[in-house]
C-alpha cells in the first residue's frame, strides 16, 4: 500500500512538472508533442468562413469572366498550344520539382508525401486574379485553370502513383474527387456568366471587372490570414518544410516562365503560364492531407499547404510589384500610344496636304 502511495506521489509530481509542456486537456501527449481535442468554436468558424469565402470567390471568378472574350477563349480550346504548355508545367514540372526537393532535403517519408501532393494539385483560382493585374492573357489563364482542374481527376492519381511509391503506397492517399468536382463547378459556372455579361453588356462588364479585381486581391490576402488564425496550433514543424515551402513556389514560377518562353509563347502569355504553374490549389491539398492521415501524422506536416500558400502569395506580389515598376518606366501607356498615333497622323496629313508641321508636333 505504501509503495502504491509513493507511486501515486511520483506520478503526481511528474505530471506537475510536465504540465507546462503539455496541456491538461490534451488527448495525446508524448513529451512536448501534444494533440488537443477539437475546438468546436474553431470548427464552426471554419465552416462559416469557408462558406463566405466560397461565395466571394464565386463572385470574383464571375468578375474575371467579364474580361474573357468568347471568341478568344474558344480559340485557345481549338488551338490548345498554350494550354498544352501549361499542362506540361502543371503535371510535369511541379511533381518532378516536388520529388527532387524531397530527395535533396532528405525529409521524412510522410513529409515527402505531402510535398508531392502539393506538386500534383491543379492550379488555383488566385492565379486568375494575379494574371489580370500583370496584364496576362485572361482567356488563357481561365482556360488553363479549368483544364488543369478537370485533368486533375486522372493526372493526380497517375503522378502520385509514379512519385510516391518509394515512400508510401499510393492507395493510402485519399483523393477527394467531390472537392475537385466542386472546385470545377465553382470555377466554370461563375466564369460562364461573366463571359455572357461581357458578350451582352461590355461596358458594364468593365465596371464589374474593376470591382472584382480589387475584391479578389483582398480575398487572396484574407484567405492566407484566416488560414494562419485557424491553424495557429500547427506551426511547429520541421525547418526543412519551411525551406521547401519557400523554394517550391519560386521554382514553379521560374520554370513555368522559362518553359513557356522556350515554347515560343508571347511575353504576356509567359507571365500567365508562370502564375498558373506556381500558384497551386492549396485548399485541395489540405483536404487530401486531412482525409489521408492520422492526427499523429498530421502533426508532422499539416501546416505545409499553408506555408506554401503564404510564400506563393508573397512571390506573386513581388512579381506584380516588379512588373508594375517595369511597366511604369519602360512600357508606353495607352495614353502615350494614342498621343503617338495622333502625332503621326498630323505629320502624314501635313505632308499629303502640303501644309506645315508645328513645333509641338516636331
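Just so you know, glycine gets a Cβ as well, placed from its N, Cα and C.
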The annotated transmembrane segment range in TrEMBL, which must be one of 306-326, 327-347: 306-326
112-134, 273-295 - the range that TrEMBL marks as transmembrane segment: 112-134
Same-chain residue ranges lying at least 6 outside the transmembrane segment (175-195) that approach it to Cβ under 8 Å: 54, 57-59, 61-70, 73, 122, 125, 142, 145-146, 149-150, 152-153, 156-157, 160, 205, 208, 281, 283-284, 287-288, 291
Same-chain residues near the transmembrane segment (83-105), Cβ under 8 Å, at least 6 residues beyond its ends: 76-77, 111-112, 115-116, 118-120, 122-123, 140, 143-144, 147-148, 151, 155, 159, 162-163, 167, 240, 243-244, 247-248, 251-252, 255-256, 259-260, 263, 265, 273, 276-277, 280
